[in-house]
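According to TrEMBL, the protein has these features:
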BINDING   HIS39, SER56, TYR135, ILE136, ASN137, SER156, HIS251, PRO252, GLU253, THR268  iminosuccinate binding site
BINDING   CYS102, CYS225, CYS317  [4Fe-4S] cluster binding site
Amino acid sequence: MQTATISFDPFNSLSDKDCHERIRAARAKLGKKAVILCHHYQRADVYQYADLTGDSLKLSRLASQTDSEFVVFCGVHFMAEVADIMTAPNQTAILPDLAAGCSMADMANLAKVERCWRELNEILNADQEVTPVTYINSAADLKAFCGEHGGIVCTSSNAGTIAKWAFERRPKVLFFPDQHLGRWTGHNLGFAMDEMVVWDPDLELGGLTPEQIKKARILLWKGHCSVHQMFQKSHIDAFRAKHPEGKVIAHPECNFEVCAAADYVGSTEYIVKTIKEAPEGTRWLVGTELNLVDRLAEEVKPQNKIVQFMATTICMCSTMQRIDPQHLAWTLENLAEGKVVNPIRVPEHEAKLAKLALDRMLAIS
Ligand code: CIZ
Ligand code: SF4
C-alpha cells in the first residue's frame, strides 16, 4: 500500500452530486476492505454512508470487532485514535479531515495534566489518593496517563459506573476535561457542590487552596463543550410554559442548571433510545447536537412524536461538520486506488497504556 495521495484540491470544488457518485463508485470498488463508522453528530449527507453508527463507546466496541483493513471514522480526532487503539495492527483508522478535532478535548493536554498531578503531589499522595478519570473526549496521551496512573476512561453512557469504580479504589477523583459531565456524575453519586471543586489548569494549584484540595472528593477540570453550553434553563422554562405535558431530555455535557431542570439526562445513545421507545404522540425538547436532533425528529415523526431542539440558535459541532462528502469522496477514492490518506496512528507505547485504561472501562460497562 502506498502513502502518496491524490490531492484534495480538485475535490474542494466538487459538487455534492459528483461527490456522491464518486463515493458510491469507490465503495463498490473497496467492498469489505473499508468500513465507514459514523458518530450520531455526523451530518446527514455523510451519515447516509455509515456501515456502523453509534456513540463513541459503541463505536469503539464495534471498531474492535470489525476485520476490515480500513476503518474510516466519520467523527472527530479522538474517536479515530480510539479506533486505532482498539483495532489490530494490520488495520488502519482514517479520519477524512484532520481538522476535525474536538474543542473540549483540546482543553486538556498532557503537559497541563502532568503539572496538575505534580501540584497535587505537593499536597497529597496523588497515586494513592486520586484516580484520574478521563472522558473519552480526550487525546490518546491523556488516556495513556490514566492507564499509567491506575485510572480509567469513561463516556457519557457509563460515567456513573466508572466513577463508582474509581471511588472504590481511591478517595478522590481527578476528572477531565469536561467539568459538566464530572459535576453531574458526582451529583448523582451524592456529592455536595463544595466537595466538587473546579481545577483551573492555567492557575497555580488549579486556583485552589491546599485546604480545598484536601477536602475535595472530585477535582473537575475547567473544560466544557461549547455546543452544549448553548442550552439554557430559560429554554426549558419557555418549553414547559407552552407544553406542560412535554418532556425534556439533555446531554450531561450541558450545564448543571439544564441537567437539573431536565426530566432525563444521558448520552446520545440514551437520548435516541429513550425517545424511540417513548409512547406515540409525545413531545420532546432535546439538548444535544443539532444533526442528531434533526435525524431523530424525522425518524419518530411517523409515530406522531414531536422532537424539538433546545436552543433558539443553530448550534452544531462545527469540527465534526468538517467531515463532508468532499473529504469522504477524497478519502475513499484514494483508498480504492491503494493510497492511504490521513491515517491516525497512536505511538505504540502510548497506545498500550491508553488501551489499558480503555479496557478497564470496557470490562465494567
Ligand atoms: O460519547 C460520545 O459519543 C459523545 C461525544 C457523546 C455521547 O453522549 O454519545
Ligand atoms: Fe467535542 Fe462538543 Fe463536538 Fe462533542 S459536540 S465532539 S464535545 S466539540
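Every residue gets a Cβ built from N, Cα and C, even glycine.
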Of TYR135, ASN137, HIS251, CYS317, binding-site residues neighbouring ligand 2, Cβ under 6 A: ASN137, CYS317
Integer Cα-Cα distance in angstrom, CYS317 ([4Fe-4S] cluster binding site) to ASN137 (iminosuccinate binding site): 13
Spatial separation of ASN137 (iminosuccinate binding site) from CYS102 ([4Fe-4S] cluster binding site) - C-alpha basis, Å: 7
Rounded Cα separation (Å) that holds between CYS225 ([4Fe-4S] cluster binding site) and HIS39 (iminosuccinate binding site): 16
Output field, [4Fe-4S] cluster shell: CB within 8 Å of site CB centroid, site CYS102, CYS225, CYS317 dropped: TYR41, VAL76, SER103, MET104, ALA105, ASN137, SER226, VAL227, HIS228, GLU253, GLU289, THR319, MET320
Diameter of the iminosuccinate binding set by C-alpha atoms, the set being HIS39, SER56, TYR135, ILE136, ASN137, SER156, HIS251, PRO252, GLU253, THR268, in angstrom: 17
For HIS251 (iminosuccinate binding site): intrachain residues, at least 6 apart, with Cβ closer than 8 Å: SER156, HIS228, VAL265, GLY266, SER267, THR268, ILE271, GLY287, THR288
